[in-house]
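Student: What Swiss-Prot records for this protein is below:
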{"type": "ACT_SITE", "residues": "239", "note": "active site, cysteine persulfide intermediate"}
{"type": "DOMAIN", "residues": "22-137", "note": "domain 'Rhodanese 1'"}
{"type": "DOMAIN", "residues": "167-280", "note": "domain 'Rhodanese 2'"}
């Protein structure tokens, strides 16, 4: 199966079988949750890149994206070029920390800063193993690249605009956190969710046995339609810190091909740090 997705092609998905046949034509990024997982086993040729490299504290928000110049340096030092680049994660075999979001975080970070040919390995390392893919403990030699980062400002929405438009009739604000957190059981200074946010837990879109593997498209469409996420609406993806939302941003923008999708990167964490902002508890958006 060829790389698939309905967006502009910046992000697509691939199967293990496709990767096996195209190993010589792609770069590969391993973003397993801990370096020890990569040391234990990785796909041959994969360079390790941790998702935590891309965010830092800013103002009262503890996890915002680092400046363009810093990202450019990371990409260059990791040898990343604007060529077909496969991203995958595993289950955290050594430390047990993995939740599957590592690969959507890194894929989004690549896209956000100008990479134009990102291939997400659907099912991650687990599917690679299931398909009989080769594993190694040998590290590739990394050569510095000349990557030029360009921030894609149309991928995200910042707080002032978010607050101004979030209740517009043509806007649908999604909250990708688990239902119990959305309803009020999270660790934030205020409980619940942003008023008007509709809960679409990111994990509901994934295979229950492998959270890096998308459910069949018909099941995904049934879920997104059930919350009113139709292509004619402006979709804003949010969660706790902007991490879970990357899964839904990639899915809506490049898997389903929706025309107007952005992430509120500050998400519930930034929202709750502003004293006057209200929150809602329980299962209803308002």
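The backbone N, Cα and C atoms fix where each Cβ goes, and this holds for glycine too.
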Student: What are the sequence-distant neighbours of the residue listed as 'active site, cysteine persulfide intermediate', meaning same chain, six or more residues apart, C-beta distance under 8 angstroms?
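Tutor: Residues satisfying the criterion: 175, 176, 177, 202, 245, 267, 268.
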Student: Using DSSP, how many residues in the domain 'Rhodanese 2' (167-280) fall into helix, strand and coil?
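Tutor: Helix, strand and coil residues of the domain 'Rhodanese 2' (167-280) number 39 helix, 25 strand, 50 coil.
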